[in-house]
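For reference, the structure is listed below as structure tokens.
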Amino acid sequence: MNNDINSSVESLNSACNMQSDTDTAPLLEDGQHASNQGAASSSRGQPQASPRQKMQRSQPVHILRRLQEEDQQLRTASLPAIPNPFPELTGAAPGSPPSVAPSSLPPPPSQPPAKHCGRCEKWIPGENTRGNGKRKIWRWQFPPGFQLSKLTRPGLWTKTTARFSKKQPKNQCPTDTVNPVARMPTSQMEKLRLRKDVKVFSEDGTSKVVEILTDMTARDLCQLLVYKSHCVDDNSWTLVEHHPQLGLERCLEDHEIVVQVESTMPSESKFLFRKNYAKYEFFKNPVNFFPDQMVNWCQQSNGGQAQLLQNFLNTSSCPEIQGFLQVKEVGRKSWKKLYVCLRRSGLYYSTKGTSKEPRHLQLLADLEESSIFYLIAGKKQYNAPNEHGMCIKPNKAKTEMKELRLLCAEDEQIRTCWMTAFRLLKYGMLLYQNYRIPQRKGLPPPFNAPMRSVSENSLVAMDFSGQIGRVIDNPAEAQSAALEEGHAWRKRSTRMNILSSQSPLHPSTLNAVIHRTQHWFHGRISREESHRIIKQQGLVDGLFLLRDSQSNPKAFVLTLCHHQKIKNFQILPCEDDGQTFFTLDDGNTKFSDLIQLVDFYQLNKGVLPCKLKHHCIRVAL
């Protein structure tokens with residue numbers, strides 16, 4: 001019995017040893033087993049051990065090679081015959097896919113052949129690997145510009161890669177993770193880097209997110225917003241940098257880069273889209289801006305308007321701006337009246353009266369790395385003497401209160417002069433170029449002007465008010481006649497619409513509410529709110545808006561700016577022959593609705609100090 005058991009154990013051990021020697025044989029690079037003859041001969045030379053000495057632990061069976069062979073056979077049988085693009089490299093290897101005769105292949109593309117660069121170590125998770133978890137695979141090196149099409153791409157490599165990526169997507173090595181952005185062409189990647197989303201708010205609180213280029217200027221962004229909002233581009237739209245916590249705001253210059261300005265703004269700050277008619281008013285009327293006592297050059301010589309403008313833009317002969325300002329002391333709530341001098345090098349204050357000697361001047365703020373802002377509510381937030389405050393703020397995101405230089409002028413005209421002087425001394429000729437760009441665009445080209453047709457050249461203005469028609473030679477009279485004809489056409493069309501419609505509104509009722517569709521009518525706002533809107537959109541002559549009267553429910557108020565001062569005129573209703581009219585001069589001139597009143601005073605001065613030129617507008621983005 002014991003002999004039978006020993007004989008069966010010996011036969012089992014011999015079979016296990018033969019199987020382990022076969023499975024654990026090392027693989028060569030070509031996938032063949034190493035020769036075991038040396039091991040067999042050495043084992044024959046040694047004396048055989050007893051059955052108990054031959055008893056060994058069971059060795060793990062490496063199934064990687066077997067799985068590779070099965071997978072290779074399965075894929076070869078399941079896939080159609082794919083032409084091998086490199087028969088000279090893989091044709092002699094065992095287990096290679098079936099090759100196709102060269103005559104059956106399509107003509108090769110005109111590209112240089114690929115080169116084989118040998119083995120490389122690649123991380124493939126989730127596989128039975130040896131040692132450090134790396135597996136030796138073959139890699140092909142293609143020349144620059146070579147692309148793998150569906151015809152030349154090896155099908156087995158594509159399927160294997162897809163199987164690995166679907167099997168273990170979470171444990172994939174970071175070195176093998178492919179970023180989809182990295183596969184994009186260089187031009188598309190540059191476009192992604194050069195674009196940024198910017199959020200812009202309007203006066204009514206609405207906002208719009210606009211994708212812009214990183215080098216887009218404030219002028220270009222304003223033109224883009226005008227196009228998207230369907231507004232009239234009259235070169236008066238601006239982008240406003242608004243800081244609600246600090247109570248500061250300023251209009252960006254047309255040449256400033258929007259992304260660069262946004263990088264210096266804190267998170268709570270924002271951009272506003274607003275009109276500013278006074279942005280380049282200085283270049284139109286420079287003498288009206290600076291009184292003689294404020295400009296040092298005016299005290300030394302008697303120059304005209306052109307000479308004053310030239311001296312402001314000239315870097316060598318730039319005048320000094322001087323005068324008294326209220327300056328907030330650093331670290332205190334008190335304000336102190338100081339004699340201040342603004343030069344191209346910076347803003348200085350005198351420690352001894354009005355002396356401008358170098359030993360008496362102290363630097364208050366630098367112009368290069370700073371910007372000047374309007375104080376929105378300086379009297380409430382900073383205890384300023386009045387509401388004509390300014391602030392010089394460094395151009396950085398995190399600004400402490402001790403770095404702000406708070407100033408306050410006596411009135412609005414003095415504040416406008418200081419703000420304009422700061423911009424002129426900082427930007428100089430660049431500011432004048434921004435002013436000239438829209439004017440150059442508006443001029444017709446010298447040689448490419450479109451030719452008018454014969455029928456257009458033969459048209460003339462005619463007056464048919466009398467019994468005999470006459471030709472209007474005066475251009476001003478022709479324009480006035482065209483406006484009158486437009487008003488008459490509007491009245492006729494309104495009357496026809498009322499007669500043809502089933503609306504129960506009486507014509508007088510329609511005339512009483514038709515003005516609410518106009519941009520210059522702002523509804524029920526207070527006097528302070530109307531003044532604030534006028535100041536925000538520029539204190540220029542002729543800037544106006546209409547609103548409901550707070551004292552008389554049936555009346556309206558015309559708010560008008562003249563000589564940088566805001567005035568209010570009441571529009572009262574009056575009745576004549578049972579019909580309601582509106583008048584601004586106690587019934588001397590009557591209008592059936594407010595639209596006719598505004599149209600009339602845009603052409604005629606009348607009892608107003610100036611004509612109506614610009615209206616305040618709020619646009620919803």
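Backbone N, Cα and C atoms are what each Cβ position is placed from, and that goes for glycine too.
As written in Swiss-Prot, here are the features:
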{"type": "COMPBIAS", "residues": "95-112", "note": "compositional bias 'Pro residues'"}
{"type": "DOMAIN", "residues": "194-278", "note": "domain 'Ras-associating'"}
{"type": "DOMAIN", "residues": "318-427", "note": "domain 'PH'"}
{"type": "MOD_RES", "residues": "SER50", "note": "phosphoserine"}
{"type": "MOD_RES", "residues": "SER96", "note": "phosphoserine"}
{"type": "MOD_RES", "residues": "SER455", "note": "phosphoserine"}
{"type": "MOD_RES", "residues": "SER458", "note": "phosphoserine"}
{"type": "MOD_RES", "residues": "SER503", "note": "phosphoserine"}
{"type": "REGION", "residues": "1-118", "note": "region 'Disordered'"}
Counts by DSSP class (helix H/G/I, strand E/B, coil) across the domain 'PH' (318-427): 26 helix, 43 strand, 41 coil
Number of helical, extended and coil residues in the domain 'Ras-associating' (194-278), per DSSP: 18 helix, 33 strand, 34 coil
Predicted model, mean pLDDT over the domain 'PH' (318-427): 92
